[in-house]
Structure formats: C-alpha cells, structure tokens
Amino acid sequence: MTSGQQRQGSGNGYLTDQESLRLRRVSSRTSSPIYHDVNRSASSAEDDKGSSELNREIRSNPWHMAQKRTKWLEQQKQVPAQFNGGSWKHKRTKYVHQFKSNVRELLYLFSLWGKSLQKIGGNFGGGVQSYFFFLRFLVVLNFVSFLLIGGFVLIPSIVFRSVGTNLARNTGEEACLKYDPNPEGLVVFYEFFLHLLSGTGFMEYSYMFYGYYNNTMMEDRSFSYNIPLAYLFTAVFYFAFCLICIIVRMGKVARVAVTTGGSDVSNYSRIVFTGWDYGCLGSKATSLKQRNIYYRLQVDLEEERLQMHAASLSLCNKVTLYSLRVLMFLVAVGLLVATFFAIFKATIFSQEQNSKAEGILALFYEYLPSIVITAGNFLVPLLCDQLALIEKYSPSATVVLALLRAVILRLVSLAILLYTLWGQITCVGNTYYSNITESNMTDCDLCQYNHSAYPCWETNVGQEMYKLTLFDLLVNIAILVLVEFPRRMVVDNWSCKLSQWVGRQEFGVPSNVLGLVYGQTVVWTGALFCPLLPLINTVKFVIIFYCKKITLFNNCRPALRTFRSTTSTFFFLAVLLFGWILALVVMIYSVAVIHPSQACGPFRVFPNMWQIVPNSFYSLSRVTQDFLFFIGSQAFSIPLFALSCVVMCYVIALASIYGKSVTMLRAQLKLAAHDKQFLVKQIKKMKHLTPQNNEGEQD
C-alpha cells in the first residue's frame with residue numbers, strides 16, 4: 001500500500017519522501033568532491049581525527065568556557081608532541097584564532113560603556129539597548145568631528161592669528177562694516193551667567209562663533225595655509241565624514257537585519273540554537289543573557305499573536321479599525337500643523353522684542369523659540385502615544401510610526417525656525433515680519449542682508465543653534481530631577497489608585513531617539529557658524545547617557561510591549577540621515593546664496609562663501625590647475641563612469657550568485673527537515689508493526 005502511494009505521488013509530478021531522500025543523498029555524494037580535497041594525505045587525516053576526538057568530548061559537555069579550557073589543557077599534556085606538517089598547520093591556525101580572540105577581548109575592555117550596555121540589554125531588552133548603542137555612536141562621531149575641526153581650523157587660527165596676513169581689505173560700504181560685540185564699561189556679575197546661556201557678550205567674540213575668525217593666510221617659502229579655505233573645506237569634509245560613518249553603520253545593521261529578518265520559524269531556531277553566548281562567565285552575565293533571550297522571544301511571540309488577531313478580524317471590525325486609524329492620522333496632522341504655526345509666531349515675536357528688552361526678560365525672549373520647540377516636542381509625542389493605543393498597530397509598527405511623527409515634528413520645527421531667520425536676514429517676504437522697516441530694507445539693498453538687525457548674521461544663527469543645544473540639555477536634566485524621580489517616589493511610597501494607575505514609567509525609545517536625532521541635526525546645522533558645537537554636543541551626550549542610565553535603572557520598569565532591535569536600529573540611522581540632509585541643505589544655501597557678513601568672519605570680502613574656492617584655484621601653479629581641469633574633464637569622467645558601471649555590475653552579479661546560493665541552501669534545509677519527518681514517520685510505523693508481528697508469532 002505504501003509503495004502504491006509513493007508511485008502515485010511520483011506520477012503527479014511531486015517528489016515523495018523516499019525520492020527526496022534518495023535525491024538528496026545522490027546530490028551530497030556528487031557535490032562532495034567540490035568541498036573536500038581528495039588528495040589529502042593519510043597522516044594529516046589521522047592528526048585531524050585525533051585532535052577532533054579530543055575536542056568532541058569537551059564540546060559535548062555543558063560547561064562554560066573556563067572549564068572547557070582547563071579540561072582541554074589537561075588533555076593536551078597527555079597527547080604526545082607531533083612535528084609533521086599537518087600538526088604545525090593546525091597549531092598555527094589555532095594560535096592565529098587565539099590571537100584574534102585576545103585582541104577582540106582587549107578592544108572590548110577599552111570599548112566605551114561596554115559593561116553598562118550589556119547590563120542594559122540583559123535587564124530591558126535589545127530595543128532599549130539599541131538606543132544606548134545609538135547614543136554611543138553619536139558620542140564617538142561628535143568627538144572625532146571635533147578633532148577634525150580643531151586640527152584644521154581652531155589650532156591654525158590660534159597659531160596664525162597674530163602672524164598671518166589678511167587676504168584683502170574690505171572695500172564695502174562703511175555702514176556695513178560696523179560690528180562691535182564687546183560690551184563697554186563695567187558688567188554686572190549675573191550678566192556673565194546670562195551671556196553664558198545666550199552666547200552673547202564675552203562668548204560672542206570668541207573662538208566659539210564664526211565672527212571671531214579672520215580672513216588670514218600664512219605664507220612662507222615652503223608653507224602656506226589659508227584660513228578661509230580651510231574653514232570651508234573642513235565643514236565640507238565634516239559633512240562627508242558624518243555621511244560615510246552613517247552609511248557604514250547602516251550597512252552593518254542592514255546585514256544583521258537581512259540575516260535575522262526571515263520567517264518566524266527560522267528566527268525561533270536561530271535564537272534557540274545560536275542565541276546563547278558560551279563566553280558568559282559568572283552567574284550575573286548568564287542571567288543577563290537569559291533575560292536578553294527572553295525579551296527576544298517575547299518580541300516574536302507578541303508579533304505573531306497580533307498577526308493572528310489581525311487575520312481573525314471580521315470585515316466590520318476591519319472597517320472600524322481602519323476608520324479609527326484614518327481619524328487618528330488626521331488628529332496627529334492637526335497637532336503637527338498647530339505646533340509649526342506656534343513656532344513660526346514665537347520666532348517672529350522673539351526677534352521683534354529681543355532688541356527692546358534687557359536682563360532676564362531679554363534672555364526669555366531669546367529662548368522663546370527654543371521653549372516653544374521643546375514644549376511641542378514634549379507634548380505632541382505624548383498625545384501621539386495615546387493615539388497609538390487606539391490605532392492598535394504591532395509593537396514594531398508602533399515604534400516606526402512614532403518615529404515618523406516625531407521626526408516630522410522635530411525636523412520641520414527646526415526648518416521653520418531657520419526659514420524664519422533666513423527671511424529676516426535676507427528681507428525676503430517682508431510682509432510677514434513687522435520688525436523689517438524702511439531702514440532695514442535700505443540695509444538689505446546696501447549690504448545685501450539685514451545689517452542693522454544682524455550685523456554678523458552667521459554668529460546670530462550660531463547663537464540660536466547653541467541655545468537650542470544648551471536648552472535641550474537643561475530640559476533633560478530638569479525632567480530627570482523634577483519629574484522622573486518625584487514620580488518614582490510617589491508611586492513607591494503612596495499606595496492609592498491614582499499612583500497605581502500612573503505606575504512607574506516605561507523608557508520611551510522613539511521619543512528618546514528622536515531627541516538624539518534632533519540634537520545632532522542642530523549641531524550639523526550650526527557647525528558652520530559655531531565650530532565648537534560638536535565638542536559641546538559630545539559633552540552633552542555623555543551627560544545624557546548617564547542621566548538616561550540612572551533613570552532607566554531607578555525610575556523605569558521593563559516595557560510590557562517590546563520590539564525588535566534590528567529593524568529599529570536601521571530606522572534610527574535612516575532618520576539620522578534625514579537630519580543630515582536637512583543640515584546639508586542649510587549649509588549649501590548659506591555657502592552659495594546668502595551674502596556673508598562684511599564686518600566679521602573669514603569670508604567678509606567675498607560675495608559668497610564659495611567664492612574662496614575659485615580664487616584659491618587660480619592662485620595655484622599651472623601644473624596643479626591642469627591636473628584639476630583634467631579630473632573635471634570628459635577624458636577622465638567618462639572612463640571613471642565606465643569603470644564604476646563595471647564594478648557595479650560585478651557587485652550585482654556577485655550578490656545574485658550569493659542570493660542563489662542562499663536559496664539553494666534553504667532548499668536543502670527544507671529537504672533535510674522533510675527527510676527527518678519521513679524517518680520519524682517510518683519509525684512510528686515500525687513501532688506499530690512490531691507488536692503485531694510479535695502477537696502473530698505467539699499465535
């Protein structure tokens with residue numbers, strides 16, 4: 001009967017269990033010469049066999065790495081020394097792997113916050129851990145960026161300030177050359193604190209901001225250094241360096257996401273069979289790893305449960321759910337539009353009243369746009385989180401949607417602030433700004449920018465970015481001290497229904513990540529006008545790391561709904577890339593369009609900042625000019641484009657081959673699983689037939 005069923009199955013065009021098993025055995029026999037060397041010597045085979053037998057027993061025991069290493073050393077003492085080529089090759093490979101392992105462990109000891117990140121991942125899962133990995137990446141990125149700016153702009157400006165010569169004298173109108181940021185007379189002590197917060201006074205005319213740098217050039221017989229050219233090229237290389245770092249990190253995360261983003265069954269198998277780290281030493285590290293695996297399994301089970309629930313909904317329930325989602329989407333859009341309008345009005349009001357007020361009131365007007373932006377960034381995401389409870393998306397989709405809303409809110413808020421400032425600086429759209437008078441319009445025609453309100457507009461933009469960065473740090477510290485710790489104390493010490501309903505807070509990954517993206521976008525936007533802003537942001541992110549770590553372990557509880565860290569990390573970097581694009585647009589517009597200030601800065605004698613590049617180009621030697629012209633000519637660009645196409649085709653073909661190989665391996669895994677199921681069925685049948693045969697023999 002069984003053979004008849006098998007013949008029927010083969011006649012229908014489908015492989016039966018026995019046929020698939022037989023074909024797989026044939027394919028394995030035919031493919032074995034590809035992966036094994038048939039000319040292998042017998043002595044090396046015996047050596048490998050002896051070493052593998054010694055190691056197989058150690059691998060089979062459930063010991064941690066220290067015990068396995070001790071047992072392996074004991075067995076190595078009992079093995080006689082071998083001096084043939086195979087054993088030497090084996091030892092060389094072993095020493096190379098051991099050296100790499102030691103180097104990796106040494107680098108891990110010097111890695112920034114390594115133990116803290118391991119502890120965070122074990123207690124709160126990979127989703128929260130991905131936020132702190134992202135924060136560490138930004139800290140390193142900002143510190144390296146500061147080294148770049150300090151090495152090519154700050155230190156040469158300090159060294160050559162007194163010995164360098166000006167490139168040219170400014171021949172502009174006398175009214176456009178007035179700029180005196182230094183305060184006259186005695187200054188009250190508390191005003192130093194106000195200047196520190198607002199970036200004015202003694203800070204305005206310092207290496208912190210654009211206006212303090214001169215258009216000097218150091219020339220010697222064998223050495224020449226152009227400060228304006230170095231200033232511009234350093235900003236360009238800074239943006240390029242950040243882009244390369246983001247793309248490289250996105251590539252690494254994408255490989256992990258593609259590898260782990262398969263079906264649920266393969267994901268479960270990967271976690272169960274390859275998720276454990278056998279290098280864990282001690283009960284603490286073991287428990288942290290167990291919790292981490294538990295959270296990963298919890299994410300997959302939650303995703304699968306929500307998918308099953310969504311598939312079981314009736315047509316009426318689906319219509320109701322989609323209607324609620326559309327309604328909540330419109331409500332979220334309304335909140336965003338209201339926030340943008342409030343930022344626009346607050347920026348105009350701040351610029352109008354800033355010149356009329358003094359003291360604390362003037363500081364309040366200066367920080368009014370920052371206050372409105374921070375209030376909108378704090379309140380709107382909270383309201384959107386309540387809307388997400390009604391929308392009922394999966395945890396991963398909820399995180400992505402919250403990130404999209406938050407990134408639109410924060411980046412567009414910053415864009416509106418910059419648009420308002422550009423409009424007042426360039427006198428464009430003067431009907432919207434009541435503070436632009438006829439005298440301001442005269443300055444715009446005479447100096448090509450609003451000189452009376454912004455005598456050094458680059459420094460003013462840098463001050464706005466400085467205030468946004470500093471205010472964001474102060475808000476984070478204030479929330480930790482005035483909101484999060486009191487909430488924890490009330491919940492722990494006051495047993496009432498209200499405190500139980502509020503409970504301990506969860507660590508909101510989307511809002512915190514967007515806070516980092518917003519802060520980094522502000523730094524990218526203001527780096528051209530405030531060169532020391534990356535250093536300030538490095539210190540700020542270090543403080544935020546310890547503040548978030550303290551509030552995570554003392555004030556937060558593990559999230560009830562976790563999410564997958566691989567996809568979220570990739571989306572964090574994608575959002576950061578959007579912030580980089582926004583800052584790049586601001587830099588291009590500032591460099592190529594707006595007229596530089598004629599009273600300050602390294603570009604005071606040029607119609608735009610980019611003009612320094614062609615001027616410096618024509619001052620080069622004839623050979624260098626010919627070489628650069630050749631690089632920009634068709635004789636160089638066309639072969640380069642052709643070579644790039646060839647390399648791209650090769651990479652695409654290689655990726656296609658690898659994809660086919662992965663598909664074949666997956667098919668082989670499915671055949672292997674099919675074979676095992678067939679063998680289990682045969683064993684069950686044999687178990688059922690054996691008692692019947694025994695009864696027949698007894699009869």
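Using N, Cα and C of the backbone, Cβ positions are placed for all residues, glycine too.
Annotations in TrEMBL come from automatic prediction, not curation.
What TrEMBL annotates here:
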COMPBIAS  1-18  compositional bias 'Polar residues'
COMPBIAS  46-59  compositional bias 'Basic and acidic residues'
DOMAIN    456-565  domain 'TMC'
REGION    1-60  region 'Disordered'
TRANSMEM  133-159  transmembrane segment
TRANSMEM  187-208  transmembrane segment
TRANSMEM  229-250  transmembrane segment
TRANSMEM  327-348  transmembrane segment
TRANSMEM  360-380  transmembrane segment
TRANSMEM  400-422  transmembrane segment
TRANSMEM  522-547  transmembrane segment
TRANSMEM  568-594  transmembrane segment
TRANSMEM  627-658  transmembrane segment
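In this chain, the transmembrane segment (627-658) lies out of contact with the transmembrane segment (568-594); the count of Cβ pairs under 8 Å, excluding pairs fewer than 6 apart in sequence, is fewer than 3. Broken down with DSSP, the domain 'TMC' (456-565) shows 85 helix, 4 strand, 21 coil.
Counting Cβ pairs under 8 Å to the transmembrane segment (327-348), the stretch among 133-159, 360-380, 400-422, 627-658 with the most such contacts is 400-422. For the transmembrane segment (229-250), the list of distant contacts is 137, 141, 144-145, 148-149, 152-153, 156, 213, 524, 527-528, 531, 570, 573-574, 576-577, 580, 583-584, 587, 591, 602-603, 609-610, 612-613, 616: same-chain residues at least six beyond its ends, Cβ to Cβ under 8 Å. Outside the transmembrane segment (522-547) by six or more residues, the chain places 113, 132, 135-136, 138-139, 142-143, 145-146, 149-150, 153-154, 207-210, 213, 231, 235, 238-239, 242, 414, 418, 458-459, 461-466, 468-470, 472-473, 476-477, 480, 516, 579-580, 582-584, 586-587, 590-591 with a CB less than 8 A from a CB of the stretch. Within the model, the domain 'TMC' (456-565) shows a mean pLDDT value of 84, rounded to a whole number.
Tertiary proximity for the transmembrane segment (187-208) is limited to same-chain residues at least six positions away from its ends with a CB under 8 Å from its CB atoms, namely 154, 157-158, 181, 359-360, 363, 366-367, 459, 462-463, 466-467, 470, 530-532. Long-range contacts of the transmembrane segment (133-159) within its own chain (CB-CB distance under 8 A, at least 6 residues past either end) are made by residues 112-113, 117, 207, 213-214, 216, 218, 225, 227, 230-231, 233-234, 237-238, 241-242, 245, 249, 513, 516, 520, 523, 527, 531-532, 534-535, 537-538, 541-542, 544-545, 548, 569, 572-573.
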